[in-house]
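Trainee: One structure coming up, written as structure tokens, with questions to follow.
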Amino acid sequence: MPGALRPMAEADTPPLLQLVDLELGRMFHVERELGGSAALPTELEPPAAAATVFGDRLDIARRYCAALATAGVERGLIGPREVPRLWDRHILNCAVVAELMPEGTTVVDIGSGAGLPGIPLAIARPDLRITLVEPLLRRTAFLSEFIEAAGLDITVVRGRAEQSGVMKEAGGADVVTSRAVAPLAKLAQWSLPLLRDHGRMLALKGVSATEELERDGEALTRAGAGKFEVLECGVGVLDTPTVVISAERLPRAERTPRRRTEKVGSRRATGRPEGGVLRRNTERRRSSEK
């Protein structure tokens, strides 16, 4: 049954961060820092941008990186080839999306997997109220163990976004995030029901985001979404900004009426979503608002 998960009892398994420290020592032959966590191998040391993004919570981010590189790989949550690029491609790539979220935003991260983007968001912005939704037990076990060990205020719900139990527990969110979960049309079916009216679906995508939005924009409109944008986060902080597709859940009164079902064999012209696709970066938006 879907529901908030309790971390495993201490008697059942050692705390995950203790396992991370032990594993780092075994795998990388590193010395334990005085009064701190195990030193990271060079490839896992945070880049300069990490201090900007995480501030005084950088040590939590370092431990999350170490957890992904060790337990995350062993449990099949992260591929071994991803370890050298955990910071740039995964952790920082996710954390900078927090710039789209006002203080106190309620966030539901669907298909959270190893906690991306939810855990980096929670580390960078402890004011966010975050729920991770993930159906697989081995993943939710990892998430719950790390959250408990790191002292993060995050809820983990085991289940699929479309399940009624998940909707009851996590519905009404300000923002629903997703990363590498599904095509945009499918994401809309899973994300929009979890949002309040005028809440936003934020899908982390790659360089083909504009093309994907043009392809699936009509499906988003039919699902009840509007105000589509392609945004860039982390401009001036990351070498490669994070590309995010944003779509707002419209109240029923503002939605485009559904068209009648067409006869088989007919063709309908396709075009850009209503209002077109707007691409901009959040740095330029903030400058214009000053």
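Cβ atoms here come from the backbone N, Cα and C positions, even for glycine.
Pulled these features from TrEMBL for this protein:
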- GLY111, LEU116, ALA161, GLU162, ARG179: S-adenosyl-L-methionine binding site (BINDING)
- 249-290: region 'Disordered' (REGION)
- 280-290: compositional bias 'Basic and acidic residues' (COMPBIAS)
Trainee: With every protein chain in view, what's the tally of Cβ atoms within 10 Å of the Cβ of LEU116 (S-adenosyl-L-methionine binding site), excluding that atom itself?
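Mentor: Around the Cβ of LEU116 (S-adenosyl-L-methionine binding site), 27 other Cβ atoms lie within 10 Å.
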Trainee: Residues with Cβ closer than 8 Å to the Cβ of ALA161 (S-adenosyl-L-methionine binding site), same chain and 6+ apart in sequence?
Mentor: VAL108, ILE110, GLY111, VAL133, TRP190, SER191, PRO193, LEU194
Trainee: Using DSSP and collapsing to three states, where does ALA161 (S-adenosyl-L-methionine binding site) fall: helix, strand or coil?
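Mentor: In three-state terms, ALA161 (S-adenosyl-L-methionine binding site) counts as coil.
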Trainee: Other than its own, how many Cβ atoms are within 10 Å of the Cβ belonging to ARG179 (S-adenosyl-L-methionine binding site)?
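Mentor: ARG179 (S-adenosyl-L-methionine binding site) is surrounded by 22 other Cβ atoms within 10 Å.
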Trainee: To see if you understand the setup: which same-chain residues, six or more apart in sequence, place their Cβ under 8 Å from that of GLU162 (S-adenosyl-L-methionine binding site)?
Mentor: GLN189, TRP190, PRO193
Trainee: Among all protein chains shown, how many Cβ atoms are found within 10 Å of the Cβ of GLY111 (S-adenosyl-L-methionine binding site), not counting that one?
Mentor: 21
